[in-house]
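A.B. asks: Quick one: the structure is below, questions incoming.
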Amino acid sequence: MACSNWVFTRNFQGALPLLSFDERVQYAVWQHERGTHDHIQGVIQLKKKARFSTVKEIIGGNPHVEKMKGTIEEASAYVQKEETRVAGPWSYGDLLKRGSHRRKTMERYLEDPEEMQLKDPDTALRCNAKRLKEDFMKEKTKLQLRPWQKELHDLILTEPDDRTIIWVYGPDGGEGKSMFAKELIKYGWFYTAGGKTQDILYMYAQDPERNIAFDVPRCSSEMMNYQAMEMMKNRCFASTKYRSVDLCCNKNVHLVVFANVAYDPTKISEDRIVIINC
């Protein structure tokens, strides 16, 4: 099976072999050790996962290689131990710690977004979305709460249950529904304008313990997705888009619908709905 982090031992007699690596290697560290015989012991971290035979070819000299157990930091420290060291240690490249790849990708994007757009447009798109959201989250909005907003604010500070859907109804527009809904994003809420059920569930499944805000445009009022609302509020649903996953969550969340129309009692149980009029 392919892996990116490996440990290796290369036995030798006579002159110390010189190790050299190419662009496939992210990081390597090794030293000359002597126990019962001379050998090189080291770790190697590849930029992409590779199989056993490829790793041996990269190191050269028919080494013994094993998939790394534990963290790359622990393995790196172990192969640099002083007790059996004869010479070294030597290193190549930069250690990529767990969780640091995303930061490095973002750094590359910020350094030259146009270059990444040409080479990897999908990654550039995600990096730009992340940058824009971070800028949005930093922006502080001073809201003078209207009476309905104060009522909603107090309600979402209470403990959510597994049934109640809060329906904010304002038929005229301009009441501040969308402004309030977008502000909730800064407090970790999931924001959606609606759409197809599996599209909504796929996006929500990325972090399914978030509170939920449906900010429904007037033009979409006739296509209100009650199915998605109930599935998300019930805390058990299947997201079948791209990567199928069944999700069951113990944590209850608030679900708020901001709409220009009243709810349809033929499509959702009336006892679920708490109405706030704008």
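Using the three backbone atoms N, Cα and C, a Cβ is placed for every residue, glycine included.
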A.B. asks: Have a look at 48-69, 114-135 and point to the one annotated motif 'Nuclear localization signal' in Swiss-Prot.
C.D. replies: 48-69
A.B. asks: Which range, 95-101, 193-199, 207-213, 263-269, does Swiss-Prot list as motif 'Nuclear localization signal'?
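C.D. replies: It is 95-101 that Swiss-Prot describes as motif 'Nuclear localization signal'.
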A.B. asks: Pick out which of the binding-site residues Glu33, Glu83 has the most other Cβ atoms within 10 Å of its own Cβ.
C.D. replies: Glu33
A.B. asks: What number of additional C-beta atoms lies within 10 angstroms of the C-beta atom of Lys177 (ATP binding site)?
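C.D. replies: Result for Lys177 (ATP binding site): 25 neighbouring Cβ atoms inside 10 Å.
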A.B. asks: Using DSSP, tally how many residues of the motif 'Nuclear localization signal' (48-69) sit in helix, strand and coil.
C.D. replies: 8 helix, 7 strand, 7 coil
A.B. asks: Any idea what the model's mean pLDDT is for the motif 'RCR-1' (8-11)?
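C.D. replies: So the average pLDDT across the motif 'RCR-1' (8-11) works out to 90.
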A.B. asks: Sort out the residues at least 6 away from either end of the motif 'RCR-3' (78-81), same chain, that have Cβ-Cβ distances under 8 Å to it, and list them.
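C.D. replies: The answer is 7, 29-31, 41-43, 88-89.
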